[in-house]
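*Asks:* In case it helps, Swiss-Prot gives these features for our protein:
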type	residues	note
ACT_SITE	His119	active site, charge relay system
ACT_SITE	Asp161	active site, charge relay system
ACT_SITE	Ser237	active site, charge relay system
COMPBIAS	39-51	compositional bias 'Low complexity'
COMPBIAS	286-336	compositional bias 'Low complexity'
REGION	34-61	region 'Disordered'
REGION	283-336	region 'Disordered'
REGION	289-324	region '11 X 3 AA repeats of P-[DN]-N'
SIGNAL	1-29	signal peptide
Amino acid sequence: MKGKFLKVSSLFVATLTTATLVSSPAANALSSKAMDNHPQQTQSSKQQTPKIQKGGNLKPLEQREHANVILPNNDRHQITDTTNGHYAPVTYIQVEAPTGTFIASGVVVGKDTLLTNKHVVDATHGDPHALKAFPSAINQDNYPNGGFTAEQITKYSGEGDLAIVKFSPNEQNKHIGEVVKPATMSNNAETQVNQNITVTGYPGDKPVATMWESKGKITYLKGEAMQYDLSTTGGNSGSPVFNEKNEVIGIHWGGVPNEFNGAVFINENVRNFLKQNIEDIHFANDDQPNNPDNPDNPNNPDNPNNPDEPNNPDNPNNPDNPDNGDTNNSDNPDAA
């Protein structure tokens, strides 16, 4: 199947398996630094605030299929109050490549971190600085939380179309996760087929940099694969999939025309990858008392209040505990 192209204002939308991107020859020149599948760290420093690219001659770019999947359920509506609640971390992305400017979506999940798709970051051709992010963008002239420049990319080691992008602080020395509250991730313990969901992002068939929400239900769920019956188009790649609690349960990648749209489901493997690479990512159950990852959980071995923790003064095996049976312990009344 060949891709189809949609005109968006004076930009164009080009098809990807998982997204349609917008191209404009007005893109800035990129550096020639190379980057493979391994993350490349650049010096963290304040960056000049990027701006949303506008206009440019139409320049279609066919790369992959299945970007625009409009299903019978086409319940999409625009979000105008983009800075409110769980909408705030939803992010408009532009990638400034030598061949043009491409658009996609993402979601802020940490102080300096955003999630999107592998195929979105692939458009940088190895230069993280080519990727710009505009959290809570309202339109191409109004992005209330400014813009940020990427400095490091880490691709998911599994098959899922998922990538982590870290950003430099802006000119005011603010991080992307400080100008908006990062999204809360679901632990997905209760996620199942037929549940109501939304996909929120920046579709390419709508006015540039306008946020839209699509509503539907989960139709399939297995491993890292999630499918649903709602409609999306190119530009939605990297959009967060929210449950009814407004927690992120997956990252949208695209779909198959007349069949389904899909996302990388945040299962245990994906969750472990995210926790290993994003220190401050927040999952909904992290602060629950029975969560073994909660430092306040008395059963957490790293919790000093855990009776089995060697550094717990109440632990009889603690050498500083006067009740310690160690006869060499000067604090032990039975010591010689």
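Keep in mind that glycine also has a Cβ here, set from the backbone N, Cα and C atoms.
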*Asks:* Sorry to bug you, but what's the C-alpha spacing from Asp161 (active site, charge relay system) to Ser237 (active site, charge relay system), rounded to the closest Å?
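*Replies:* About 10 Å separates the two Cα atoms.
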*Asks:* Could you state the CA-to-CA distance between Asp161 (active site, charge relay system) and His119 (active site, charge relay system) to the nearest Å?
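*Replies:* If we compare the Cα positions of Asp161 (active site, charge relay system) and His119 (active site, charge relay system), the gap is 7 Å.
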*Asks:* Return the residue, from the listed active-site residues His119, Ser237, with the maximum count of other C-beta atoms within 10 angstroms of its C-beta.
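*Replies:* In terms of Cβ crowding, the pick is Ser237.
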*Asks:* Enter the number of other CB atoms within 10 angstroms of the CB of Asp161 (active site, charge relay system).
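*Replies:* Cβ-Cβ neighbours of Asp161 (active site, charge relay system) within 10 Å number 26.
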